Amino acid sequence: MNSCVSLTWRGYFIFLLLFFFFIEINAKGVILRAFEQYRLKTCIDFKPWSREPNYIFVFKGRGCYSMVGNRRMGKQNLSIGAGCDSLGTVEHELLHALGFWHEQSRSDRDDYVTIMWDRIKEGHEHNFNLHNETESSSLGVPYDYGSVMHYSKKAFSIGSKPTIVTKIPEFLDVIGQRMEFSDSDLLKLNRLYNCTTASIFLDSCQFEEPNICGMIQGDGGNAKWAHVQRVKDGPQTDYTNLGRCQGVGFFMHFSTATGTQGDNAFLESRLFHPKRRSQCLQFYHYNSGGVDDQLKIWVLEYTPMGNLYLHNLGGLQGSWELYHVTLNVSDKFRVVFEGVKGRKPSKGGLSLDDMNLSETKCPQYTWRIRDFTRLLATTPAGSKTYSPRFLSPDGYSFQIGLYINGLKDSPNKTAVYFHLTSGPKDNNLQWPCPWRQASMELMDQNPDIQHRMNNIKMVTTDPTMTFTDSMGNVEYLWDNPQKVGSLVTDAGGSKYYRGPGYGTSNYVTHDRLKSRSFIKGDDVILLLSLEDMTGLLGTQSRESWRPEIKDLQLEIDDHDAEEPKRQMVVCTYIPVFSSNT
């Protein structure tokens, strides 16, 4: 992307009129998540408008568009229309508002791509205009095929042929990604706004350097944590470099192979100064010790009362496992990892790697699909893999269905669907399920949370949405699964009801799936949550929040049929100011 330096909001919060005028609930949730990504990765923050002279008005217009930069004209529009409710698209439009044009409009773009002018729809040629060096700056960052601000290869095409051809052929299917900011996007944004820290990021540590990110051996233990590259009985490598460069990375290890029961050691973080009252601690843990060895996570909060909080982990695993721990701290604090030797025999111990700490919400659940490389090679198109069942904080049972090799009529793309399932609290819940937003997040297993490009799909349970079942009956899509679902049996022999699925057949292409670190150690990880969004209903009228199925880019997967029913109309983006395709 290239920037208009004279039209920044530098020195400003970005003020938004957060009525989200006529915006549907799912899009509101996506927008709020996009704000969090800006706060996590940049110094940019957003706040509700309170009569400041210049601000951004977010509304549902015809398509996805925004003015470029701070026009200093009072209210300026940013549209998140039908089909625009994806994280990358919202980030894209906000980057326009922050002062960035499209990547392929850089002054040096002809060195990297060829524009096929004869293939562009009449009247849309202006979308491919260049901005010369007198009106824009690349901020010293090389051309980025992976930018969230780059058009796709068939943008505004009159047929099936590309309008943009990359001069390095391998990047033809890379351009146009709408997953997340690229590293270059973030570098430019942080340079333009002189960002040196991010708003809600606290720490990331891969333990690669001898100073172990400022962590120290704490007082009180009779043993020590060691900075190592491998342990004889596991792990053989750190998680940072798993499956790539064995023997080059480091991690922290507390040995329980020797010593006596009760031996312990403390690993203390540096001091943190939170801005919020809730934090998420994420790390990988490998237990090669005894089944009763314990990893304890203490939070030492520096308050007049000296609060101390404890989270316990244990159990024999024999592999690197991802953990999320929600902290609720408001004063300065340290995180302390305590390793404790148990009574049972041990050949190894407890290991830590790839720790991240941020003031974000932890995902509610983690679904790790092991041996994914083999599954990708052997699973037939049309075959569906289901997650375990999970329970939301307010009691709704749900499950994720994944077509690893896509639907039969849409192979080479992984499809994902969200299902409500029967659960223990169904008799006390409201049906149809109202306004719960499911987040299905394919994790880019980059060790640094600020450099991940997770692939996120969010869908919301609109209680007014209907579908026609196999008998021709019109039913509410999100009604009680015992009423609208199918009776199924899980691998353990338990029977339950699974409601219709709702999601997309175009979750991620296999080319993208095999890129970055989505597959690591032959495994993929999905981060899952189901959040109550009723607080976003506000005072809008019923008509303003009722979505029409014909406008949605998501699809219904009905009763696990071999050929799922799908209702999809691809949105045509209307180019006003700067448009997203």
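Positions of Cβ are set from backbone N, Cα and C atoms, glycine also.
Caution: TrEMBL annotation is automatic and unverified by curators.
Feature annotations, courtesy of TrEMBL:
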- 1-196: domain 'Peptidase M12A' (DOMAIN)
- HIS92, HIS96, HIS102: Zn(2+) binding site (BINDING)
- GLU93: active site (ACT_SITE)
- 203-364: domain 'MAM' (DOMAIN)
- 362-530: domain 'MATH' (DOMAIN)
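Sequence features annotated in TrEMBL and their locations in the structure.
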| residue | record | Cβ neighbours (10 Å) |
| --- | --- | --- |
| HIS92 | Zn(2+) binding site | 28 |
| GLU93 | active site | 26 |
| HIS96 | Zn(2+) binding site | 24 |
| HIS102 | Zn(2+) binding site | 26 |
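Note on the domain 'Peptidase M12A' (1-196): its mean pLDDT in the predicted model is 90. Comparing GLU93 (active site) with HIS102 (Zn(2+) binding site), their Cα atoms are 10 Å apart once rounded. In this structure, HIS92 (Zn(2+) binding site) is part of a helix by DSSP.
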